[in-house]
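Here the structure is laid out as structure tokens; the discussion comes afterwards.
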Amino acid sequence: MASPLRFDGRVVLVTGAGGGLGRAYALAFAERGALVIVNDLGGDFKGIGKGSSAADKVVAEIRRKGGKAVANYDSVEAGEKLVKTALDTFGRIDVVVNNAGILRDRSFSRISDEDWDIIHRVHLRGSFQVTRAAWDHMKKQNYGRILMTSSASGIYGNFGQANYSAAKLGILGLCNTLAIEGRKNNIHCNTIAPNAGSRMTETVLPEDLVEALKPEYVAPLVLWLCHESCEENGGLFEVGAGWIGKLRWERTLGAIVRKRNQPMTPEAVRDNWEKICDFSNASKPQTIQESTGGIVEVLHKVDSEGISPNRTSHAAPAATSGFVGAVGHKLPSFSSSYTELQSIMYALGVGASVKNPKDLKFVYEGSADFSCLPTFGVIVAQKSMMNGGLAEVPGLSFNFAKALHGEQYLELYKPLPRSGELKCEAVIADILDKGSGVVIVMDVYSYSGKELICYNQFSVFVVGSGGFGGKRTSEKLKAAVAVPNRPPDAVLRDATSLNQAALYRLSGDWNPLHIDPDFASVAGFEKPILHGLCTFGFSARHVLQQFADNDVSRFKAIKVRFAKPVYPGQTLQTEMWKEGNRIHFQTKVHETGDVVISNAYVDLVPASGVSTQTPSEGGELQSALVFGEIGRRLKSVGREVVKKANAVFEWHITKGGTVAAKWTIDLKSGSGEVYQGPAKGSADVTIIISDEDFMEVVFGKLDPQKAFFSGRLKARGNIMLSQKLQMILKDYAKL
């Protein structure tokens, strides 16, 4: 059985604790070791009068049972005084239970200003004042638990309680924001809507029902939510009579009611009303960003369905010269250099793991077929988007805080080299006017020398900058494609880690939105979100694994549309449909069902067009002649070499960064053997080296040990055996 929940040493402030729910909370906390401040003004349920007896009786009751408590008789509007009592008596404040409340029930037309104001002063402003007084102390100690008290009247409304309902729902909004702001300091805030007998409810509920709704049936939930082991934050719970339920918002998919070249009308709203109110496929937004984040998806649907935005006023459109004049502008060229370390770091950042043996080729430079993940191509090009690059483009004047990464396209013309330096050239390909925003389309071309390696297209949506009279579509924009209307052919899932964004940002995307809780909070997120291009990398890796056996030479292109944010720790689920060489896919958060990447696809090179033994440039490898010669010369000295070497050497010869051929020199039995292909048994050491470097070793231009330490020669297995290369190649093979 799990250990009981204790509050030893925790200082708990309960407001309105002179009776009813507050009294039950105070007694329960004290019974489990808490040091309790029992606050009660001592008035009646209408907020009239004051006195000390209510709080004193509860304190006395706690002390009789061996607990520790002190009384406070101040109004919750004087929140500083309540918290000062806790600090002066016990030296800290750990838990605040905002429970104090009164009623002034009137039908709406009979509510006076005083009836309205006093309800808000006690419930909403009182909760604010007490919590604010405790907030900084909780931040300094990096710990706090806050409980807000709402009501079914606030959630659903109730006749005769307009003042009370408004205040109680306001408390929920206050809690939701405090949960976001307090998370980074281990301050959790939750809300309950209790059904219990009290001084307030005894006037509106039958006596037998009041008895059934005992405060003791609410207190256990309060204690759990306020315990240090409870990770719940920002929750809303109804509770009463021994029952507890959690509430959440739900939203219909809704309907787009704008038609091309027609004004948006109330008739269009009426005609779509059934769809607007249809909850059969509802979403459940949890953050303000999830609530507003679908705007990009809506705008793309507007385009694809032939619907256009319409101005809601007769104001003249903004000048077109600025945005239009930016089209065709070339940004300064730049170089992106990287080593195997950056390639591996990226692979880990998008979920590659040693737990999956097939991922080893992406995370271990000594792997025989070590490769860059194809989507590393976006890292090469992303400098064009960093460091305010767009801000230098003449005519582009907008608030960059309102810029969203809408879509991404990447095409590879050959596999990315495992390391190297690429020169990148970026140009503003087009700018589209979406009415409520503008889409900036930027093309980035990456070259190795004069050879084009990859091409990226970034589509950036800027909220609120549209309406300048520009064109809405462009043949230059790589089109997103809807997924087929049938069950997926394959589904893969990967759980992201809580450190996923922190790891991915090491690949060069330093946006504080993905690491800084304060910055994320200002942007409307409850915590830092995962990079969209990190989700992009996870998804592409799933497709490559499922339909190309992780063969990077088969990857041709990828197009995605970013729909919603992902939080580190959530599970990414990629749903895939195969149609010829195109793999359509969409990516969801498994826990919520939210689509986070939509209208996406990967184009693959046909498997029949892939050669595993010859380099892409064609032609014979020089090393093949050398291995043939070694085989011939060892015939006369093979037994002697076997005695000295006693090992099986497997060679992986690379060309253009990929394995072009495998050879085995078996010096473990008989007179030895040289043959093309992997070792028939197990190799003692595997050596990875390019065809060019192999020839330099053979001709004595490159020392094997120096090649190893410089990274030009890699070995796995018993790497000490690589020291015998000189003996094999020179002393015996006479090369």
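The backbone N, Cα and C atoms fix where each Cβ goes, and this holds for glycine too.
Per Swiss-Prot, the features are as follows:
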- 1-305: region '(3R)-hydroxyacyl-CoA dehydrogenase' (REGION)
- 13-37, Asp40, 75-76, Asn99, 164-168, 196-199: NAD(+) binding site (BINDING)
- Lys46: N6-succinyllysine (MOD_RES)
- Lys46: N6-acetyllysine (MOD_RES)
- Ser52: phosphoserine (MOD_RES)
- Lys68: N6-succinyllysine (MOD_RES)
- Ser151, Gln705, Gln723: substrate binding site (BINDING)
- Tyr164: active site, proton acceptor (ACT_SITE)
- Thr265: phosphothreonine (MOD_RES)
- Lys275: N6-succinyllysine (MOD_RES)
- Ser308: phosphoserine (MOD_RES)
- 321-621: region 'Enoyl-CoA hydratase 2' (REGION)
- Lys355: N6-succinyllysine (MOD_RES)
- Lys423: N6-succinyllysine (MOD_RES)
- 483-599: domain 'MaoC-like' (DOMAIN)
- Lys578: N6-succinyllysine (MOD_RES)
- Lys662: N6-succinyllysine (MOD_RES)
- Lys668: N6-acetyllysine (MOD_RES)
Which residues does Gly33 (NAD(+) binding site) neighbour through Cβ under 8 Å, counting only same-chain ones at least six apart?
Arg6, Phe7, Asp8, Gly9, Arg10
Helix, strand or coil for Lys68 (N6-succinyllysine)? Use DSSP.
strand
May I ask which of the recorded positions Ala28, Asp40, Thr265 is closest to Lys423 (N6-succinyllysine) if we compare their C-alpha atoms?
Thr265
Across all the protein chains here, work out how many other Cβ atoms are within 10 Å of the Cβ of Gly18 (NAD(+) binding site).
28
A 10 Å Cβ contact count, applied to the modified residues Lys355, Lys668: which residue has the minimum?
Lys355
I'm trying to understand the geometry here, so how far is the Cα atom of Leu13 (NAD(+) binding site) from the Cα atom of Lys275 (N6-succinyllysine), in Å to the nearest whole number?
48
So among the modified residues Lys275, Lys578, who's got the most Cβ atoms within 10 Å?
Lys578
Do any of Lys68, Lys275, Gln705 (recorded positions) have a CA within 10 A of Gly18 (NAD(+) binding site), and if so which?
none
From recorded positions Ser151, Lys355, Lys578, the one whose Cα lies nearest the residue listed as 'phosphothreonine':
Ser151
Using DSSP and collapsing to three states, where does the residue listed as 'phosphothreonine' fall: helix, strand or coil?
coil
C-alpha of Ser165 (NAD(+) binding site) to C-alpha of Lys355 (N6-succinyllysine): distance in Å?
53
Of the recorded positions listed as Asp40, Ser52, Lys275, Lys355, the one whose CA lies nearest the CA of Ser151 (substrate binding site):
Asp40
Which listed residue (Arg23, Lys68, Lys423, Lys662) has most other Cβ within 10 Å, given these are recorded positions:
Arg23
